[in-house]
Amino acid sequence: MADGHRYMQQSFSTPLPTQFASNNNLATGLLLNSLLNQFIADPSAAQQQAAAQANPAHSSATQINRGMYGQNHPQGHNPRLNGAAPGRQPNMPMFYNHVPQQGHPHQGHNAHHQVLQAGHSGHGARNDLMSHSTFSSGIMGNASPYTTNNLQNGHSVAARGGPAEQPANEHWQKQMRLKEESDRAHSAMTEQHQPHYYARLKAPENKGIGGSLTAGGANASGDSEEEVRRRPYQVEKRNRRQDWHNLDMSGQGLRALSSALFSYDFLVELYIASNRLTFLPAEIGKLRHLKILEASNNLLSELPPEIGMCTSLEKLLLFDNQIRDLPYELGSLYKLDILGIEGNPINPGLREEIVERGTKSLINSLLEQAPVPLPPSPRKPIVVQEDVSPSLERIKVMTWNILCDKFATTNMYGYTPTGALSWEYRKERILQEIRDRDVDMLCLQEIATDVFRDFFSPELAQNDYKGVHWPRPKAKTMNEKDAAAVDGCAIFYKGSKWILLDKQLIDYANIAINRPDMKNQHDIFNRVMPKDNIGIICFFESRRTGARVIVANTHLAWEPTLADVKLVQTAILMENITKYAEKYVRWQPLKDKRGIQIPQSVSVESDIPKPEMPEPGPSQEYRSNTDIPLIVCGDYNSTQESSVYELLSMGRVTPEQSDFGGHQYGNFTRDGVAHPFSMRSAYVHLNGTPDELSFTNYVPGFQEVIDYIWYSTNTLEVVELLGPPDQNHLKRVPGFPNYHFPADHIQIMAEFVIKQRKGEKVKVIHGSGGGASGQQQQQQQLEGGQDFGSGSK
């Protein structure tokens, strides 16, 4: 039998194997039934079961007969021709390990099918795609009919996700379903010569006929509420440059991608499958909004590290390429739901991870196992003005949103390794950065009460710093433990150089609801009152020169939908700065600066020597509130196009300002908002230069300047600024924080000199009354230990 045909080829006189030939009536009935079944649908499962129970012998014979005539095997025939109902292909096994005898492709080996179907379950739903001619021809006569070396598509069984006997899990089933879709698209573009398969698939959607045909497409839900919680601007609105967001370049035979493609940074979906691409350019990292990248059926052997910049990716399909390894930067793709790698000679360890535990687990493994990257080049100081008189008073100021620990979650910052995101690591990096900068005035946002009290205050005291801190007002309604974790704002200052004269908390919501012109406005209660943002105002005097300066620090609302609230908060801040500046003009001079010393707790146990006290100078006199040097720092969550920036830089906002949005805020919306100070952002001096600061907040999807150091131009002059971060380093950094940048904001720093007032000499004020002892006691209350951990007097 091995050398001859098992069945008659020219006649139907013996249509069945010899074991059924004795029953001619049964054989004839079976043959007729088989022929008719080629033109009618199969009976339902219930009918088949009933027939089997009524006549077991007939059922068994029917199964054998159908196997003989190819009713239930995957040889490439259309299922309708084999008698199957449209869309129904039950129990369609695949012949991966079996090589049939030449010339007899229709023989069935059902026991073998079951094993192979389990080993390659992903193809089980599309058995009709298998090539009949390839499978049944070109086989040597002496080939073993049970070879297991290779599957029909050229892959070994071991390369298809493990032993064939083990059923695929849900992760791998999803992988194989997408692989089949990719195969179908590739077949249509190469065999049927129909390129742009995905554009054709989405044609109804593009015409507005139906919804998205592809899961996870442009119409898929965007970022979660938690992911955008602290993003100060709507990314989708800002980057809407076109009415289209998808591009299909598949099936074109492309060998390289033009660099012009990557200028379309608004793309959400990019299809470059079924080409001849051997690499992806590093510019792929510019497509920061990309959610789907289909690059299957190419000749890719590796992925560029810059692929990690595409943190919006949800689906990355790389089926049937030549990729052996994956870059660690792929771990930054924390939103990736599916990584299609089937058909690649991928590293066995990576393959096992994705097969057993899925894409999310593989991405997280790459993220956590990645080595710490090399540090960036240090940020350079940029001299703005040279030849500054050494006799002028200098003030170095830094502001920094340090990212409160309770906000640093893996959901929010999934692209950051847990080691770099932990507070224990970040707080040490922040502390070291503060010490290295050695500024006179330090303004911090998002600093919790316990962090201020238990960590920064005692640590920075060793470096001659004293501090003032207030938490958000909601801390008043909490128990002591919960209140300690509430973040707020802080101002640290060098105690050997500056004396704290006064400090004030600006509670925006409380002030707004108690204003006579606003307390009856519904918008105040509905929009402003729920936000518990604050500001701090401190009044200092220089020990050496007697110059006085006002330093304010604030953190405004973050929501992009609350532009009106941010404007109201800024207006309240400037209104109170104006009010307190008028009070500070009349502030009594200090009579005995020598008696106002740094508390002994600052330097008793420190290895750093106690700083020498300068020879004190007399307190200076100011005629108006605008004469006092003013510095206003903070995280404003507002860009240069905002009304907040307009108010601070121009000094006025009209009632017609669009950011008010039709809401009513008393005098602010009736008369407009104004302040008397001439103010400028310190970093304006770098605009238009190679060192221009392009961001202060750096996270995926948002890189903008929203932190500022404002100063009064009539009293202060910028002499030096801290330059931007290393741009080359950022080409592979999707967002902060990371091992080298411990917060999602960067620190900005400016050094000022206090201008000498024209035509006026420094006046020595000889105060009268109120002995020195009482004044010293007042200063000790302001600057003493009770300031550490509490902003209230």
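Using N, Cα and C of the backbone, Cβ positions are placed for all residues, glycine too.
Note that this is a predicted model, so its numbers are computed, not measured.
Some features that Swiss-Prot has for this protein:
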type     : residues : note
BINDING  : Glu446   : Mg(2+) binding site
COMPBIAS : 56-65    : compositional bias 'Polar residues'
COMPBIAS : 227-239  : compositional bias 'Basic and acidic residues'
REPEAT   : 241-264  : repeat 'LRR 1'
REPEAT   : 266-287  : repeat 'LRR 2'
REPEAT   : 289-310  : repeat 'LRR 3'
REPEAT   : 312-334  : repeat 'LRR 4'
REPEAT   : 335-354  : repeat 'LRR 5'
- Structural state census, the repeat 'LRR 3' (289-310) (DSSP three-state): 5 helix, 3 strand, 14 coil
- Message: Give the nonlocal contacts of the repeat 'LRR 3' (289-310) in its own chain as ranges (CB under 8 Å, at least six residues past its ends).
- Response: 182, 185-186, 198, 214, 216-218, 220, 235, 239, 245, 250, 265-283, 316-333, 340, 343, 415, 701, 731-732, 734
- Task: Tally the residues of the repeat 'LRR 4' (312-334) by DSSP class, grouping H, G and I as helix, E and B as strand, and everything else as coil.
- Result: 5 helix, 3 strand, 15 coil
